[in-house]
Amino acid sequence: MTKMNRCAALIAALILPTAHAAQQQDIDAVIQPLMKKYGVPGMAIAVSVDGKQQIYPYGVASKQTGKPITEQTLFEVGSLSKTFTATLAVYAQQQSKLSFKDPASHYLPDVRGSAFDGVSLLNLATHTSGLPLFVPDDVTNNAQLMAYYRAWQPKHPAGSYRVYSNLGIGMLGMIAAKSLDQPFIQAMEQGMLPALGMSHTYVQVPAAQMANYAQGYSKDDKPVRVNPGPLDAESYGIKSNARDLIRYLDANLQQVKVASVARRWPRRTSVITSAGAFTQDLMWENYPYPVKLSRLIEGNNAGMIMNGTPATAITPPQPELRAGWYNKTGSTGGFSTYAVFIPAKNIAVEMLANKWFPNDDRVEAAYHIIQALEKR
């Protein structure tokens, strides 16, 4: 090592701990009041700037045991799982197993001759199939699910409305796994996740990892974990830790090495809502950056999830928006998640909590953290 290189290494060794401490103070100022406001037992905040990752753990994984949150603590990520399912479909497409242009009925013989002759995989991947949000309560097995799909009739033409849908992304996950000739969980855990280098991300948490699985808490402080049900794995089934999830965001920023089959990421513009709040990509939502906090809150509020919004296809699809705020919320009964990355800034933030609290507060917290990161 030359004298100049030794000096550079010494300077870096002195600067990095100071920068980390300053970043910790910025994040403390945002997260500690938020945890107090909602009585959140534990959180993990993962930050990446130019590929340099830091994990900031807060509180406990279980109020009963008092075990602290660490970077290995597993959280339910809720609907952030939908982005993994969309990525699995891209993973299958890269192997020439499917095409997003094809109708869903091309891959599912049980729904041929139904409304799905006119619903493309791209519609399923962008919440524009018209399918409703929830699987009906009386649908409890695959036969009943397929019967529901066969009988379903859309209220609007495919592509004309954005309707946030577990049923839509669930069908896409079924098709992606079928095209790979594997059960969904196997395709995810043994195929795509290893290709991403995510070794502590699961649909089914193995026995050896249960000690790392945080206890979730409902808004009224009851201990809860996600319940099994039709399309749960495809829609909201992922459990992961802060280290794996910030790697996932960095992969979207192309800041980490992944297997060659996993080098294209599902961020391409495909549909925009006429309300103008955001552009809908393959499960990720994006906003031109810089963006006002009020616009982010509008796009992530409950109304955008529960109510349909007119949508217009962008044709041809545009290149990815580098100056964009890409985000996705995720919730289960006892966990809260918010993920955001900004390609033009090479910044990513992942927020994980073992208690449910509103999206607005998650978005605002991440917004202030990113503002602080940009000032450093």
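Glycine is no exception: its Cβ is also placed from the backbone N, Cα and C atoms.
Fair warning: this is a prediction, and the values are worked out from it, not measured in the lab.
Under the heading active site, acyl-ester intermediate, Swiss-Prot lists Ser79, citing sequence analysis as support. Within 10 Å of the C-beta atom of Ser79 (active site, acyl-ester intermediate) sit 20 other C-beta atoms, taking all shown protein chains into account. DSSP assigns Ser79 (active site, acyl-ester intermediate) to a helix in the three-state reduction.
Look at Swiss-Prot and you will find Tyr164 tagged as active site, proton acceptor. Of all Cβ atoms in the protein chains displayed, 19 besides its own lie within 10 Å of the Cβ of Tyr164 (active site, proton acceptor).
In the structure as shown, the Cβ atom of Gly330 (substrate binding site) sits within 10 Å of 24 other Cβ atoms. In the three-state DSSP reading, Gly330 (substrate binding site) counts as strand. Taken from Swiss-Prot, the feature substrate binding site applies to Lys328, Thr329, Gly330, supported by similarity to another entry.
The signal peptide annotation in Swiss-Prot covers 1-21.
Listed in chain order, the residues near the substrate site other than Lys328, Thr329, Gly330 are Val77, Gly78, Ser79, Leu80, Lys82, Asn327, Ser331, Thr337, Tyr338, Ala339, each with its Cβ within 8 Å of the site Cβ centroid. Neighbour counts of Cβ atoms within 10 Å were compared across the binding-site residues Lys328, Thr329; the minimum falls on Lys328.
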